[in-house]
Amino acid sequence: MSTFVKVTDLITIMFFLAIAAVITASNTAELDVLEMARTAVVEAKTSFGSMAVTEATSEVAGSYYKLGLSECEKLYDESEARLSKLVVDHENFTVEDVRTWLSGVLANHHTCLDGLIQQRQGHKPLVHSNVTFVLHEALAFYKKSRGHMKKRLHGPARQGHGPTRPKHRPTRPNHGPGRSHHGPSRPNQNGGMLVSWNPTSSRADFVVARDGSATHRTINQALAAVSRMGKSRLNRVIIYIKAGVYNEKIEIDRHMKNIMLVGDGMDRTIVTNNRNVPDGSTTYGSATFGVSGDGFWARDITFENTAGPHKHQAVALRVSSDLSLFYRCSFKGYQDTLFTHSLRQFYRDCHIYGTIDFIFGDAAAVFQNCDIFVRRPMDHQGNMITAQGRDDPHTNSGISIQHSRIRAAPEFEAVKGRFKSYLGRPWKKYSRTVFLKTDIDELIDPRGWREWSGSYALSTLYYGEFMNTGAGAGTGRRVNWPGFHVLRGEEEASPFTVSRFIQGDSWIPITGVPFSAGV
């Protein structure tokens, strides 16, 4: 008996040693993959930085090209910061966190190249191909490895609340009794900080009013004050923007995490500008409001770009913020209104207006209970609601529109029959978009979807529709592309839900914003 026990113990020990060896090898492989990705990004950043320095003193290079190089530096700087965080703390991230951040790094890379092409400038092929290849391999590694890495990286699930919260994620603001307040108190942070905030009874860190009755007259002044707080600032900073039209170009950079903006309501608090591509911006740079700081929340604000349809690409809002959320906001523009650039995003009870590709980008974005208003384009144009930009089969990005409504904007209603309108078209090779239980107006063409150029991406894209309603929801005459799918059951639709697509049940509840975790 004792011999048997010893043999059994030996087998058990050998088994656990083998498991430990696999885990160690896995950790080493992960670190190697992330280090290679960071090295490639740093090399690209250095290369484009050198080019920017050279062009800054050149009398030949145009200012638009210099602008494109400057944006590339910024994008690679953001990517380097994310990859450095992953290298140091990769064991504290879930698999989906890592895949999301790698997907965001790849989106930054492609955005840099797209911007240079837009300015009719080339790029260094070696830099391009090296970064693309390394990030593709890193994404493939995590997609293939997530089975055996799942337990170690995800840890035990919290009962009924999804995965445990990794250290990098936005945390609950820490304003305990030790911090003295003057005036109204902050809302109950455990009861829905964003939803419960009230301008008459809740406290903001900064207040913006055009008439000078608050701490600042402009949003940019308030954000500058946030920057000056440095490391001493609160976990979440609340900025209340009173009713008014704020003609500003705003950029919330990667250092400004956990910013919460609250306005006085759609079409009452308005942030506006008119930058556009024909006048010299890149699509990325044309945004009236751009945000790269993670954990960004906004409520009761309109973001708009007034450049008009004749100015083509003109972004109202660009979002490159992980775990970002927009509640009761409006986004107004024509072409390229809402740039869901990268990372995980949630939109609830929002209004989106536009004509061509007006919800686009390479984020993992979910829209719930939103109203999508198709506007009148120029006479020779058609309308495409979405243009999702997934360019690698291993990224976890896409657009999911759920429990929403597609309608003609008031000025378009009477003439909508004169124009072709579609649910979307494939901006990139692996474009991925689904409409789930959404009410679709008859303005949508029976084909549903439109080609980008010939047969490009028709076999590699993923477009899906599930249980939609309305006169434009019939799938009998939809396109017969290999990549188009009529989803037959909830099991096919569930990968695109809040819970699974953006892991929202682990980070949305603290806001208090209502959401459906499933189909």
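From the backbone N, Cα and C atoms, a Cβ is placed for every residue, glycine too.
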Handout entry: Swiss-Prot substrate site partner of Thr283, Arg425, Trp427, selected from Gln313, Gln381
Key = Gln313
Problem - Trp427 (substrate binding site) CB neighbourhood, other CB atoms within 10 A - result: 22
Handout entry: Rounded Cα separation (Å) that holds between Thr283 (substrate binding site) and Gln335 (site 'Transition state stabilizer')
Key = 10
Practice task
Would you list the other residues of this chain near substrate - those whose C-beta lies within 8 angstroms of the C-beta centroid of Thr283, Gln313, Arg425, Trp427 - in sequence order?
Solution key: Gln335, Asp336, Ile356, Asp357, Phe360, Ala387, Gly389
Exercise for the section: Give the helix, strand or coil assignment DSSP yields for Asn130 (N-linked glycosylation site). Expected result: helix
Completion exercise
Here the active-site residues are Asp336, Asp357; the one whose Cβ sees the most other Cβ atoms within 10 Å is Asp336
Fill in the blank from the handout: The correct DSSP tally for the region 'Pectinesterase inhibitor 36' (27-141) reads 101 helix, 0 strand, 14 coil
Practice task
Go through Asn92, Asn130, Gln313, Gln335, our recorded positions, and report the one whose Cβ sees the most other Cβ atoms within 10 Å.
Solution key: Gln335
